[in-house]
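J.: Feature list, courtesy of TrEMBL:
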type: TRANSMEM; residues: 31-52; note: transmembrane segment
type: TRANSMEM; residues: 73-92; note: transmembrane segment
type: TRANSMEM; residues: 104-127; note: transmembrane segment
type: TRANSMEM; residues: 160-181; note: transmembrane segment
type: TRANSMEM; residues: 201-221; note: transmembrane segment
type: TRANSMEM; residues: 267-285; note: transmembrane segment
type: TRANSMEM; residues: 320-339; note: transmembrane segment
type: TRANSMEM; residues: 351-368; note: transmembrane segment
Amino acid sequence: MVFAMLSLAWADSITKAVMPSTTASATARTVLVSVSMILTLAVFIAVQAVQVGLRASLTDGSTPTQQSRANTWAGRHITISGFLAYFAAYMGPTKDEAGPEGTVFARTSIVTTIYLAITVLITCLYIPDDQTTTLEIPRTQRVAGMRLIRRVLLGNSSQIRGILLVQFFSWLGWFPLLFYTVPYVKSLDQSYQTTNTNSGALAPLSYSAVSMLMAFIWTSRSSRDGTAFKFSASLSISDRDIWIASHCIFGWSMLGTFFITSALGTVLLFSAVGISWAVTSRVPYSLMGDELSRGSSEWSEDEFDDVSDHHGLVYGLHNLAICLPQILIMALMGLVWLFTQTDDSTSGVVWFLRLGGLSAFAAAYFATKLAENQSSVGDLIEVEQQR
């Protein structure tokens, strides 16, 4: 993952160094787009082991009560690290200060890989795990795994299948925003061509700041079992309903690009997406962990010696529901730019943002089909004892 990430950061320089100087500009651009798509796909594939392992560890090593707290801290870390990364990008060199190989993206990638290596190393050292003596998976376990996948996708477990469906449509919209906000805002800022402003990096910084603030406010206003947001002693809203609202906020923000065409206005518009990002970083994992914890007996099979096998497999399907739409939208965007052959890489981005907004409304619709979070028995006993 580190190799793919750093190669993606310097894809332009690597492509120019490898290709002959006499290569036509159109051909060079086609090669650059193709290489960037392959490297992005490599990052998606490599990150799966990290994401699945971390989320499965949260579920395996925690009781239902502890999972709520663990998911809360995971959401905090995601929003804090995102804010710090975007802040570093915003405070980085301007276009005149950065050399040909000293782009903000490249320098941020270096910081990200160092941070990734340190955090993964700490996780591996401090989280205990059973030692595997063989890499070969027994045939019975493979068969049981395929049966579990079929049950999740086609069986009666509508909750997990619904979460996967919501995530699929949700991330059709997140990919264009996360990857192309900076060039899109820069294209709207006419003063960027003549000044040293860093307006493009201000947009992700603004919504990351909102998401971090939302994460801490949410924690302070959460119910005891972490399944609802309390406005008052008598009024609260469930995590599922918050997730639905967050998709609507995202959708209206993306469709707002029809009416707002200034750089500053777009920065303010996209700031609202920070609420959606804070929710996305926590709620789906909370719903998934709640379903796995309550339904551990339902998922158990004789072929499985440990329920953690189920958790890793289900979280793998969850990550697939996140990555597959990103790959699809990335391929579609690449094909559009390949056939249009325009020098402006931001042309058409706004339409993908708007398409992502419509996809977010589809995600909100499917989220309405999900069941409410169920409080764990342990939480209910704790509340009764305190009374």
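Numbering starts at 1 and runs along the chain as displayed.
Cβ atoms are placed via backbone N, Cα and C, with glycine included.
Help me picture where these features are in the structure shown.
T.: Long-range contacts of the transmembrane segment (31-52) within its own chain (CB-CB distance under 8 A, at least 6 residues past either end) are made by residues 1, 4-5, 7-8, 11-12, 14-15, 19, 116, 120, 312, 315-316, 319, 323, 326-327, 330-331, 334, 337-338.
Long-range contacts of the transmembrane segment (160-181) within the same chain: residues 152-153, 200, 203-204, 243, 247, 250-251, 254, 270, 273, 280, 284, 287-288, 291, 314, 317-318, 321-326, 328-330, 333, 346, 349, 352-353, 355-357, 359-360, 362-363, 366-367, 369-370, each at least 6 residues beyond the stretch ends and with a Cβ under 8 Å from a Cβ of the stretch.
If one looks beyond the transmembrane segment (267-285) by at least 6 residues along the same chain, the residues whose Cβ comes under 8 Å of a Cβ in the stretch are 55, 58, 71-72, 74-75, 78-79, 82, 163, 166-167, 170, 174, 177, 181, 185, 199, 202-204, 206-215, 218, 239-240, 242-243, 245-247, 249-250, 253, 256-257, 260, 318, 360.
Proximity of distant same-chain residues to the transmembrane segment (320-339), defined by a Cβ-Cβ separation under 8 Å and at least 6 residues beyond the stretch ends, is recorded for 30, 33-34, 36-37, 40-41, 44, 48, 163-165, 167-169, 171-172, 174-176, 345, 348-349, 352, 356.
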J.: Mark yes when the transmembrane segment (201-221) and the transmembrane segment (73-92) have three or more Cβ pairs under 8 Å (sequence separation 6 or more) and no when they do not.
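T.: Between the transmembrane segment (73-92) and the transmembrane segment (201-221), contact is present.
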J.: Same chain only, please: residues at least 6 beyond the ends of the transmembrane segment (201-221) with a C-beta under 8 Å from a C-beta of the stretch. Say none if there are none.
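T.: Distal contacts: 72, 75-76, 79-80, 82-83, 85-87, 89-90, 92, 104, 178, 181-182, 185, 229-231, 266-268, 270-275, 277-279, 281-282.
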